[in-house]
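Sequence annotations record features per position, and here TrEMBL assigns domain 'Amidohydrolase-related' to 47-366. Per TrEMBL, the feature Zn(2+) binding site maps to 118, 184, 205. Under the heading substrate binding site, TrEMBL lists 129, 208, 209, 216, 239, 295, 296, 297. The active site, proton donor/acceptor annotation in TrEMBL covers 262.
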């Protein structure tokens, strides 16, 4: 059994939201001891945080999870890991049902541990970059099909649950062991709050693809801030302005803020022509738009989102780390991921002094 000993590091503690000087031992791909060993790899005081967890990402490196082959998905894993993301939740955008189901099968075959369905079940009024002809009524029978294809993977659905008149779609999701996020929604405040009380676990990319906040109508965004549900934020300063990120972070419980990228296939690529959710996308200056001007995902790296959140909130970097590690892992149900604690997967990132990625380890192995 391989054993890794790390010493003389600044190790992140998610519970205390801070670093402690010390080290740890890894055995069998898991953290086993958080006491600093006498011998081991000397990190010379470098910061170590848990591997990042991205629960909402459509692709990068020229690949999209809807269309990528299994070898391409495995290559995508490597590309994400190079940027510090050790737990990727492939996000499947709107397409035909057959194509979406096939994509979930390939995600499973590629060894991912979770998948996010963000497609079909959206409100046409708030469809964003998703093609309207690819949207469909909320179907409990289709939930069962996705569950079958996902197997033992964690399964998360984004949907406009205000369209679920009798609640059967949400019931089917919860009965299947999946989790639910309210997104691409036109729900008002009261409806969104009731959904959160009845089992919706998260709000998908808060402020985006939902009614704008108004002083006489808070809408789903206000419900996302005031409910106990998790709240996704795209922290690139473009999808949501820095002051609105700061406002959200001040209002929301720190354990419920989840930083995401919502990245698309052009992430890490030159400007050019790409696609998402069945739509052609133009990438210019790092920003992606459909031909009709809708924002089409981001090109954000999650580590940059963490740094941005720290800057926009004017808080220490350590205060932002759980928002991209333990919080998203808890939201999606990856119970052994996102913390440097005994029994957890030994996925961790060594940082440079400027908080950029220096080294990445998955199951205790340096990539």
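Quick reminder: no glycine exception, Cβ is built from N, Cα and C everywhere.
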Open item on the list: Restricting to the record's substrate-binding residues (129, 208, 209, 216, 239, 295, 296, 297), give me the longest CA-CA distance in Å as a whole number.
Closed with: 29
- [ ] May I ask for the distance between residue 208 (substrate binding site) and the residue listed as 'active site, proton donor/acceptor', taken between their Cα atoms and rounded to an integer number of Å?
- [x] 11
- [ ] Sorry to bug you, but what's the C-alpha spacing from residue 129 (substrate binding site) to residue 118 (Zn(2+) binding site), rounded to the closest Å?
- [x] 11
- [ ] Between residue 209 (substrate binding site) and residue 262 (active site, proton donor/acceptor), find the distance joining the two CA atoms and give it rounded to the nearest Å.
- [x] 13
Task: Pairwise Cα distance for residue 205 (Zn(2+) binding site)/residue 239 (substrate binding site) [Å, integer] - done: 9
Open item on the list: Could you tell me the mean pLDDT the prediction assigns to the domain 'Amidohydrolase-related' (47-366)?
Closed with: 97
Open item on the list: Just to be sure I understand: of 129, 295, 296, 297, which binding-site residues have a C-alpha no more than 10 angstroms from the C-alpha of residue 262 (active site, proton donor/acceptor)?
Closed with: 296, 297
Task: Cβ within 8 Å of the mean position of the Cβ atoms of 118, 184, 205: remaining residues of the chain near Zn(2+) - done: 56, 122, 128, 158, 181, 183, 204, 208, 209, 262
Open item on the list: Fewest other C-beta atoms within 10 angstroms of its own C-beta: which of the binding-site residues 129, 209, 295, 296 fits that?
Closed with: 295
Open item on the list: What does the structure give for the C-alpha distance between residue 129 (substrate binding site) and residue 184 (Zn(2+) binding site)? Integer Å is fine.
Closed with: 10
TODO: Round to a whole number and give the Cα-to-Cα distance in Å for the pair residue 296 (substrate binding site) and residue 184 (Zn(2+) binding site).
DONE: 13
Task: Number of other Cβ atoms within 10 Å of the Cβ of residue 216 (substrate binding site) across all protein chains - done: 4
